[in-house]
Amino acid sequence: MVMGLGLFLLVFMLGLGLTPPTLAQDNSRYRDFLTKHYDATPQGRNDRYCESMMRRRGLTSPCKDINTFIHGNSRHIKAICGDENGNPYRENLRISKSPFQVTTCNLRGGSPWPPCRYRATAGFRNIVVACENDLPVHLDQSIFHP
């Protein structure tokens, strides 16, 4: 009986040891999403903004073809993954119920290597995201028609 209890405790403790990395991995995908796509209060939304943000966010080696920055409150973006600000959309995606202010940066020129030059398109759009554990982890670019 004591040996069985000891084995149970060992398995239980090992299970606890495995839980935090899983949660940390989920949060890291969300943090990566924010790094690539979130800028709460942009300073200008022109070509220079795109070139600066793409460089600062590490998206220019090689030059990323297209990237969208979402502006505003991150809680509203998170809410797309629930019923508060999101609806199901196609396969395993969610679409926002309300539009977001966004800046889409499109690569100009043919070279994928720096210096990267971008053209900015600013506007308001509903956004489509993939969610894991109620957090956005991927922005579906196909919804945007700059």
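Using the three backbone atoms N, Cα and C, a Cβ is placed for every residue, glycine included.
The feature active site, proton acceptor is assigned by Swiss-Prot to His37, with similarity to another entry given as support. What Swiss-Prot records for Arg45, Cys105, Ile127 is tRNA binding site. The disulfide bond annotation in Swiss-Prot covers Cys50-Cys105, Cys63-Cys116, Cys81-Cys131, and the record cites similarity to another entry as its basis. Summarising the annotation, Swiss-Prot assigns pyrrolidone carboxylic acid to Gln25 and lists similarity to another entry as the type of evidence.
You'll find the Cα of Cys63 (disulfide bond) roughly 26 Å from the Cα of Cys131 (disulfide bond).
For the tRNA site, whose binding residues are given in the record as Arg45, Cys105, Ile127, the maximum C-alpha distance rounds to 18 Å.
In the three-state DSSP scheme, Cys81 (disulfide bond) falls into the helix class.
With a cut-off of 8 Å between CB atoms and residues at least 6 apart in sequence, the same chain places Cys50, Met53, Met54, Ile66, Asn67, Thr68, Phe69, Tyr118, Arg119, Ala120 near Cys105 (tRNA binding site), listed in sequence order. Nearest Cα neighbour of Cys116 (disulfide bond) among the listed recorded positions (His37, Cys81, Ile127, Cys131): His37. Within the set of recorded positions Arg45, Cys81, Ile127, Cys131, the entry lying nearest in space to the residue listed as 'active site, proton acceptor' is Ile127 (CA atoms). In the shown protein chains, 28 other C-beta atoms lie within 10 A of the C-beta of Cys50 (disulfide bond). Here the C-alpha separation of Arg45 (tRNA binding site) and Cys131 (disulfide bond) works out to 27 Å. For His37 (active site, proton acceptor), the count of additional Cβ atoms within 10 Å of its Cβ stands at 20 [all protein chains shown]. Separation of the C-alpha atoms of Cys81 (disulfide bond) and Ile127 (tRNA binding site): 11 Å, rounded to the nearest whole number.
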